[in-house]
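Feature list (source: Swiss-Prot):
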- Ala30, Ala31, Ala32, Gly33, Ser34, Gly35, Lys36, Thr37: ATP binding site (BINDING)
- 9-482: domain 'UvrD-like helicase ATP-binding' (DOMAIN)
- 510-798: domain 'UvrD-like helicase C-terminal' (DOMAIN)
Amino acid sequence: MIPPKPRESQWTDEQWQAIYATGQHTLVAAAAGSGKTAVLVERIIQKILHKERPIDVDRLLVVTFTNAAAAEMRQRIGEALERALEKEPHSLHLRRQLSLLQKASISTIHSFCLDVIRKYYYVIGIDPVFRIADEGEMALLKEEVLETLFEQYYAENDEPFLTVVDRYTSDRTDADLQTLILRLYEFSRSHPNPSGWLQQIVHMYDVEEGARIDDLPYAHYLFQAVDLALEAAEYRLAQALQKTKEPGGPDYLYDTLASDEQVIAKLKEARHESWQQLHEAMKNVSFATAKRKPKDGAYDEQLVEDVKKLRDQVKKEISSITEELFSFQPVTYVRHLHEMKPIVTTIVQMVQRFAHLLQAKKDEKGIVDFSDLEHYCLRILRAPSLEHELKPSEAALYYRAQFAEVLVDEYQDTNMVQESILRLVSNDDEATGNMFMVGDVKQSIYGFRLAEPSLFLQKYNRFTKDGDGGLRIDLAKNFRSRKEILDGTNFIFRQLMTETVGDMRYDDDAALRFGAQDYPDKQIPVECVWINEAKEESDEEEQEDVTAVQLEARWIAKKIKQLLAEPFFVYDRRLKGERRLMYRDIVILCRSMSSASAMLEEFRKQNVPVYAELSSGYFSATEVSIMLSLLKVIDNPYQDIPLAAVLRSPIVGLDEEALARIRLAKKDGAFYEALCAFVQEPHDDELHEKMKRWLASLSEWRTAARQKPLADLIWQLYRETNFYDYVGGMPGGKQRQANLRALYDRAKQYEQTSFRGIFRFLRFIERLKEREDDFGAARSLTEQEDVVRMMTIHKSKGLEFPVVFLAGAAKSFNMQDLRSDYVLDKDFGLGMRFVHPTWRASYPTVAQLAIKKKMKWQLLAEEMRILYVALTRAKEKLYIVCTAKDMEAKKKKWQEVAYTSTWELPAYVIEKAKSYADWIGYALARHQQGICSSATVLHDPSLWDIHIVPAHELEQEDAQANEHRDIVEAIQQLQPVAIKSEYEEEVNRRLFWTYTHAPATVLRAKQSVSELKRQRDIYGGHAEQPFRKELVERPRFLQAKMMTPAERGTMMHLVMQHVDVTKEVTVDAVREQIARMVNGEWLTEEQATVIDVESIVAFFNTPIGKRMQRATRLEREVPFYLAHEMEGETVVVQGVIDCVFEDEHGLVLIDYKTDRVSWMNDPKQQLKRRYKGQLALYREAIEAIWKREVTETYVYAFDGALLVPMEVD
């Protein structure tokens, strides 16, 4: 029963329903910015706080898409419980929920699977001691197993295998067939029953020779392709006929066009009969010869040309679909399928054998991947011997009893295996079930991860708003964006997103509704710019060769500068008002980062700070390339190119002349041999000595490579060559050092896998390069820096920005998968080309043709969803940036469909689009503010600012950017620059300006607690000045090699932070913990020796220490910032509280000290005097954060194991 919504509630009616609805499976279709996470958290909280039937938080299974989302969810729930506890401070139920929260099942699906496996591993007979392998390790392992697989087949001289190799590999390599095996294996793992799915592939080719194409399971997609072609032909003929009736139109062609319409009508009739009849009709199509233009007629030449062009397009459309789908008789297509069955059977057997070998290898190494986690979990939860049925096992029944509700975030991104797992742990009856699913199928953009949006769509279409057989709730109100952005997005997607191409219809339920009422009332249109690359003939030779990427970057840079100069104001909800736009408010979204480097270079020239996490460029970075070359030489010095690269690099620093001298020592053979011969010659010049020293170092490094971990070797190289410090002094040194640290970290991760050694690491790097799987430049920027962000649309999902630029909208869709010789589909399996056994000619099979058609529509649907994600990231201002080679030709093409009577654009138009710009152009051509002068769909409420920028304007701006180069060069050379007199007054005003609050400048805006302690004279009145570090320190080589008291205190605090209070704290237990911290590199062995273990154990033997171990809540090393009044100014106090715990007596605050109290006369009183003020600040901070009073405060001195209670004022 849904409770009535209070009048003052901030929730919408739909959100309120989503929070309280129960009794059946519920699907919440949450549009972008609709507050779905807030709704999900509130639903969980209300279930926990229910007055009559409260549920413990650990009886809820909450599945999120990422670990970050799970952590945020847990944090939000914790904060909500804290707020509830403030209102009911004595509630044992709430305290219990806070204690249960940390072990509650709020995680990704993989984390939940891991928990299930850890608990029930014995059910499926696997070793519980395993680790999760990373992608790099698995790639190497799969490559190794593939090689083993092919070696075995070749050794067996297997005839069916050799037939497959003969027909489907090149003369030089088996790489194509190996890739197919690997892709089939990976694809099968997204199915709940991989082996069954592979067998289904074979069944798809189990076709009798007399079968009809109409009866094949994928025939629908073939017919649909024909339908779209005929629809396009009909539409164009209708346009052509209309033009013949216009004044000056070629009416003499009317009868010819009417005849063409009859041809199309006959094709449509045949299409509804059978594929055989359609085949015959398509092959026998004959268009009438067009009548000649009468000599005495006065005709508009443009209309004549338009009609002829439209008719040519019709003929080309019919010819193209005929050539694509009707090249062979239907009986031939069927025969090809029949003859392909032995081939497909062999390939499937190879995949199954590969899976078996790979599993054995993983078992041997004790590793699993994320796919294994899902399948192991499914095997545990599914009842045995029911491979094709989804019946719960005893383990699944346990979880069904355990979880009162299963809540799934981002449900549109689940796959079929994950869906099966969720069904098994929930009540699977949709009418009375307990699964709550939240998502937005319009944002399902992870097809490359084999996500299955159809699972969401099926439920969306099956569930009803009244809950009959499952409840559907639409959250359409968007609380993120301005109304203009939502109206613009709706205008585009009402026309684009159809069931034929977009998988769903963008109707009123799917449309975005404005909900962010706090925005100031002003109109900010969506801006769409087309940069026209068409060159004027007179200027063509003078224009520079600028790419589309550079042009877009220049326009964006110009606009960003303009926005900051105007200035443009954005609404800040934290300030509850407007503020000036900052760089960090702006994001540039790209479909991919392939052109990011070129854009970044252009922004650098325009002095616009832009940061992007590049997915490529890491291996080509100079510093990384040099270090990899050095590793190659250490592995094998008989490699000329890496050796020459190292010798020419700053590590050695030879020039061409030196290299030539070395080569003359031995003109033949490897360069390393020449180098060895060179140093043995009787010379004593500087080059000989230098190379002798370097060869000695190389020998030491080669020995070290055999004796120590790879990561340690790399750090040794950084240290001994000084290369790390050297690149730090180069331009972009911070980024270069980050790249070198990334190489060290990657080597460290590699050593933790089942592979070892420098040779295999280098081979692993080479494989990454071959697959174009770059690491991307290492991150050297924090999120808080004031720069423009550039990222992919995928990376932006879930984020929001005040100003969004969608760049590269005219870039063509990636249809590379459709050009492959084989295609895969979850329903229809494998589509391959038929290779004639004698002629070796290859032809597409009907299965391949159908699957390719389906794939294309799926790819377009996903591209449509990606565009939707991009447009809905913007909060206040959206720019769509496109380029066009010939804008007039584009406008003419878009205008052809502007007269469509329905909101939805014709499906063939959407299908034939090559880019986002095409889709947007077709849509905007029909808007009253659109590019084309006349349209059918008019007076839409969306506001657009659409303009065309000639490319030459941006090319001229590049020259203008360089006009002050002489001034810049003068400044760089420290030469005086004459300044115009009109600026003198302003310059002088700025130079001689004085700050009215100068006294406040000597008081730091942010103070540490220790600094405040000294300033307050807490030590007893003798410290007149705050402690300041000596400006000149003694050199390190003159300092004593011993640990300072401050360092010792840090080590003691670190150990106290990690003491396991859930177990008895003994001397042995603490020593074991210190040993683990040394192994984990938390402590060095030297630092471990100064830890006073006995004083740590002594603390836990005190009454307070024992109470800490029993506490209901324990927080250690709690950082805080506190606004504090000081000398009439507000400063921010920063500190870290050692320990706070809560038990039945209230909040207890403890601070650890390493002071030498044994030297004090009255240690308790001295500690109280010394730290009274500091502990008062700590108490003030905790009470402000936790909203509760601190009842007890203590100082514990390790020296003497002295526990001192502090007075609480």
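Note that Cβ sites are derived from N, Cα and C of the backbone, with glycine treated the same way.
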For the ATP site built from Ala30, Ala31, Ala32, Gly33, Ser34, Gly35, Lys36, Thr37, further residues of that chain with CB within 8 A of the site's CB center: Val39, Asp440, Leu475, Asn478, Phe479, Arg480
Which of Ala30, Ala31, Ala32, all binding-site residues, has a Cβ with the fewest other Cβ atoms inside 10 Å: Ala32
Candidate with the highest Cβ count within 10 Å, taken from the binding-site residues Ser34, Thr37: Ser34
PLDDT averaged over every residue in the domain 'UvrD-like helicase C-terminal' (510-798): 86
Packing count at Lys36 (ATP binding site) (other Cβ atoms within 10 Å of its Cβ): 21
Cβ neighbours of Gly33 (ATP binding site) where a neighbour is any other Cβ within 10 Å: 21
Tertiary neighbours of Gly35 (ATP binding site) (same chain, Cβ under 8 Å, six or more apart): Gln15, Leu475, Phe479
Conformational class of Thr37 (ATP binding site) under the three-state DSSP mapping: helix
